[in-house]
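**Student:** Next up is a structure, given as structure tokens.
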Amino acid sequence: KKNSIAKKNQSWINAIENNFKVDDYESLIPNADLVINLTPDKEHHHVVQVLQKLMKKNSCLGYSHGFNIVEFGEIIRKDITVIMVAPKCPGTEVREEYKRGFGVPTLIAVHNENDIRQIGLDIAKAWSFSIGSHRAGVLESSFIAEVKSDLMGEQTILCGMLQTASLLCYEKLIANKNDPAYASKLIQNGWETITESLKHGGITLMMDRLSNASKIRAYNISEKIKKILSSLFQKHMNDIISGEFSHKMMQDWQNNNKQLLDWRNKNKNTSFEKAPVYHNKIPEQEYYDHGILMIAILKAGIELSFETMLNSGIIAESAYYESLHELPLIANTIARKKLYEMNKV
């Protein structure tokens, strides 16, 4: 935006410091072969309408999430090729993984109604390669499958359960007379520490960090959690497949995000978010030994999310990305700023 350039805001500073060419829409877009739309879902319709007026003939429009196409039903000019490269993590983590010489698993797709030159898949592959995703894994998918699996993962294990479990585990620790500062750090950094084992060896390695007695206890708790939450996970999946979830979310957009902002404000004012800082180091193994409930919650949530998506027709690879593989990257956001950053990204 011209005012962002004039004010030299943070996004302008970030772009300049990383050697990107910076200019306004009217100057850059008419000459671009590929235009990538990374704005929030709520802004997509307006942004895409503006982009189409500026994009040259036979250019390509890229998405990182297919909500605008699938749930809103956006119609794109027929000469424009429409593709998607959807990294399975927040955008901040895409950059961090690239900087360390790796990448994140990514779904790619082509909008078949906008691929008259049959070049969409090649462009999507090149784009995913450019952000390092080929090092972690690139899976060809579809706009519909990406949207439905992405929403299901976010609403359950990736965001819904991590958020709720953080608050409940903290309340339980405080009720048991634990030091609030220690309890806060155990949970805030515990998710990141524990889920790191998922990256290297899945649920099996995570469970193997426990003693035999603790492993049995975590397993039994996870089975109880699965029985309690199974119907709730299925309802989430049904609402997502039917479009009911997206319909309610778009209604909230029209109401200036009132419901979303109310939820954020409630989280901001929880005792977990306001807990004092614990300055001592917690040994890595202690996160496992004192986090048996957290491990049980992770095991139950991952398995329920994966099984529910699989039973709804989502392919196993996509369900895996959205239930287990993305989890450590979401946990990283809690480690940085508790639930605040996870809710913002």
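Cβ coordinates come from backbone N, Cα and C, glycine included.
According to Swiss-Prot, the record shows the following:
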- 1-141: domain 'KARI N-terminal Rossmann' (DOMAIN)
- Ser11, Asp41, Lys42, Glu43, Gly91: NADP(+) binding site (BINDING)
- His65: active site (ACT_SITE)
- 142-286: domain 'KARI C-terminal knotted 1' (DOMAIN)
- Asp150, Glu154: Mg(2+) 1 binding site (BINDING)
- Asp150, Glu322, Glu326: Mg(2+) 2 binding site (BINDING)
- 287-345: domain 'KARI C-terminal knotted 2' (DOMAIN)
**Student:** In whole Å, note down how far the CA of Asp41 (NADP(+) binding site) lies from the CA of the residue listed as 'active site'.
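**Tutor:** If we compare the Cα positions of the residue listed as 'active site' and Asp41 (NADP(+) binding site), the gap is 8 Å.
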**Student:** Using only C-alpha positions, which one of Glu154, Glu322, Glu326 is spatially nearest Gly91 (NADP(+) binding site)? These are the binding-site residues in the record.
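**Tutor:** Minimum Cα distance from Gly91 (NADP(+) binding site) across Glu154, Glu322, Glu326 lands on Glu326.
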**Student:** Counting across all protein chains shown, how many other Cβ atoms sit within 10 Å of the Cβ of Glu154 (Mg(2+) 1 binding site)?
**Tutor:** 16
**Student:** Look up Glu326 (Mg(2+) 2 binding site) in the DSSP assignment and report helix, strand or coil.
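**Tutor:** SS state of Glu326 (Mg(2+) 2 binding site) = coil.
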**Student:** List the binding-site residues among Ser11, Asp41, Lys42, Glu43 whose C-alpha is within 10 Å of the C-alpha of Glu154 (Mg(2+) 1 binding site), in sequence order, or say none.
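**Tutor:** Correct set: empty; none qualify.
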**Student:** Averaging the per-residue pLDDT over the domain 'KARI C-terminal knotted 2' (287-345), what integer do you get?
**Tutor:** 91
**Student:** Using the structure shown, find which entry in Asp41, Glu43, Asp150, Glu322, Glu326 (the binding-site residues) has the sparsest Cβ neighbourhood within 10 Å.
**Tutor:** Glu43
**Student:** Return the member of Asp41, Lys42, Glu43 nearest to Glu326 (Mg(2+) 2 binding site) in space, with distance defined Cα to Cα and candidates limited to these binding-site residues.
**Tutor:** Asp41
**Student:** Within 10 Å of each Cβ, count the other Cβ atoms, then let me know which of the recorded positions Lys42, His65 comes out lowest.
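**Tutor:** Least crowded of the recorded positions Lys42, His65, by Cβ count within 10 Å, is Lys42.
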**Student:** Taking the Cβ of Ser11 (NADP(+) binding site) as the centre, how many other Cβ atoms fall within a 10 Å radius?
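**Tutor:** 12, counting other Cβ atoms within 10 Å of Ser11 (NADP(+) binding site).
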